[in-house]
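Notes to accompany the following structure.
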Amino acid sequence: MTPLIFVTGGVVSSLGKGIAAASLASILEARGLKVTMVKLDPYINVDPGTMSPFQHGEVYVTDDGAETDLDLGHYERFVRTRLSRKNSVTTGRIYQNVICKERRGDYLGATVQVIPHITDEIRRCIDEATASFDVALVEIGGTVGDIESLPFLEAIRQVRIERGAERTMFMHLTLVPYIAAAGELKTKPTQHSVKELRSIGIQPDVLLCRSEQVIPDSERRKIALFTNVSERAVIGCPDIDVLYGMPLELRRQGLDEIVIDQFKLSGTTSLADLSEWEDVVDAIKHPLDEVTIAVVGKYVDYRDAYKSVGEALKHGGLRQRTKVNLKWVEAQDLEGSDMAALKDIDGILVPGGFGDRGFEGKVLASRYAREQRVPYFGICYGMQAAVVDYARHVAGLEGANSTENDRQSSHPVIALITEWRTTTGEVERRDEKSDLGGTMRLGLQEQRLKAGTLARELYGRDVVGERHRHRYEFNNRYRTQLEDAGLVIAAKSMDDTLVEMIELPREMHPWFLACQAHPEFLSTPRDGHPLFIGFVKASRARKAGGKLLREVCV
């Protein structure tokens, strides 16, 4: 059986369970172990696909088309393992599975209850997602004490009884607040959080203590005494300047050794080689250049809605030792044609979104970038905005729009996809009356790049795969007309039915590229992504007056 590390949180939410868990996973991976991660989310939605970005933040998409929590993005940025829908489990999905089994008669007339039926289904999902790995980390969303989390906590308590301490570990993340008026750290919230956890039947093996500053040894001893946790296993997690430095911090305190010792894996692992993370941290702390990128979006008041976009831009910068400053611009604010927010910036990125609110602002951002020769990178809705702009103002198609926003448009250059193939090769069909949840073109899709294009140059390959999440697409009726007007179709789906990327000729614009996919989902701090690296490089060139002062890379 795969050894399991269960990660819970206490005191308050948003302490960084996902980052802490992913950082530990990266250390274990660096020791030669095959690692995976699972997120258990207590909400009753089947998945976050239809949840508001203002409430939930980004919807992260996996290769197999699962719409998941943004924590899976953290996981994939820290470890090499590519995750799937098995790695994202919600209360809604658990109940959906159990009810389907009950309707089929699988329970043979039994009264279906939380224990054992719901907890058994949770355990089954954990087993399915973690089989064949050396170690798995399972994060339980929410905070200990939340009523929604109780079935998950009961399930992992049962797993501990079944597998024992040599195959399970409980890791609890708590808050140790600093009270400025008293000038001291307070351990009482941590003590109460562990007390709450123990009342459920779970005794933590490791405590990760979040704090604004380093926790003194005297406070660590106090926490260990009152929580029945070894002092060695009370790990401090102080605020750090660089997020990607967390693996180095946890390794310094020996967290991986605690895991190796408890699971008795010392004979199967090597010392952790964290040189890649050291290089990442060094590149972030010591940039040789910097640029300012405007992100023109609909949900900029809640930055988690664009979490992967922001991280991918930073990755693109650190791959060339460039600090990327992000300027968040509300798309609606541009609709009065006041482009002041886009002055003195080095590049414009327009990310994905849904609905007509702010769309005209995105179109105006595309037009501004095109006319002012500012590097432009459009993603998903950002590509659609660029197509609408080009159709209206270059191709002369007055009234051009997306049918998502105007079903009566005289020139629907963007329209609903009614038929496409899924990642498994099955044909999907949709219309305007279809359900919203899980009905988009989702997951990793291959596309063929056109020779001689900027896209082909950046990728260095003829065929690439990118993750998608959209239900509207370039209308093929306008392909020829827009190409005749100068628009370059840089990539198409493998069956030649869908336009995947567009760009402007380089004699018309130094760097104008847009894609229907979401390349941010495949960007990592250690590797970056070709499109983001190229975009940041173009922004550097604009800032330098068209010629880079220095070529740098890590």
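Including glycine, each Cβ sits where the backbone N, Cα and C put it.
Note that this is a predicted model, so its numbers are computed, not measured.
Database features (Swiss-Prot):
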- 1-265: region 'Amidoligase domain' (REGION)
- SER13, LYS186, THR187, LYS188, PRO189, THR190, GLN191, LYS222: UTP binding site (BINDING)
- SER14, LEU15, GLY16, LYS17, GLY18, ILE19, ASP71: ATP binding site (BINDING)
- ASP71, GLU139: Mg(2+) binding site (BINDING)
- 292-545: domain 'Glutamine amidotransferase type-1' (DOMAIN)
- CYS380: active site, nucleophile (ACT_SITE)
- HIS518: active site (ACT_SITE)
- GLU520: active site (ACT_SITE)
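Annotated features taken from Swiss-Prot, shown on the structure.
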{"residue": "SER14", "record": "ATP binding site", "DSSP class": "coil"}
{"residue": "ILE19", "record": "ATP binding site", "DSSP class": "helix"}
{"residue": "LYS186", "record": "UTP binding site", "DSSP class": "coil"}
{"residue": "HIS518", "record": "active site", "DSSP class": "coil"}
Number of other Cβ atoms within 10 Å of the Cβ of THR187 (UTP binding site) across all protein chains: 20
Of the recorded positions listed as LYS186, LYS188, THR190, LYS222, GLU520, the one whose CA lies nearest the CA of GLY16 (ATP binding site): THR190
Binding-site residues compared (GLY16, GLY18, PRO189) - the one with the fewest other Cβ atoms within 10 Å: PRO189
Number of Cβ atoms other than its own within 10 Å, given for LYS222 (UTP binding site): 18
THR190 (UTP binding site), number of other Cβ atoms within 10 Å: 29
Near-site residues: ATP, ref SER14, LEU15, GLY16, LYS17, GLY18, ILE19, ASP71, CB cutoff 8 A to centroid: GLY9, ALA20, ALA21, HIS74, GLU139, LEU173
Longest CA-CA distance among SER13, LYS186, THR187, LYS188, PRO189, THR190, GLN191, LYS222, per record bound to UTP, angstrom: 23
Spatially closest candidate among LYS186, PRO189, GLU520, the listed recorded positions, to ILE19 (ATP binding site) (Cα to Cα): GLU520
Distance, ASP71 (ATP binding site) to SER13 (UTP binding site) (CA atoms, angstrom): 13
10 Å Cα neighbourhood of CYS380 (active site, nucleophile): matching binding-site residues from LEU15, PRO189, GLN191, LYS222: none
Surrounding CB atoms that lie within 10 Å of the CB of GLN191 (UTP binding site), all protein chains: 16
Arithmetic mean of per-residue pLDDT over the region 'Amidoligase domain' (1-265): 95
Same chain, 6+ residues apart, C-beta under 8 Å of the C-beta of LEU15 (ATP binding site), given in sequence order: GLY9, LEU173, THR174, LEU175, ARG210
In sequence order, the recorded positions (LYS17, THR190, GLN191, GLU520) whose C-alpha falls within 10 A of GLU139 (Mg(2+) binding site): LYS17
Rounded Cα-Cα span from GLU520 (active site) to GLY18 (ATP binding site), Å: 18
Between PRO189 (UTP binding site) and GLU520 (active site), the C-alpha gap once rounded to whole angstrom: 37
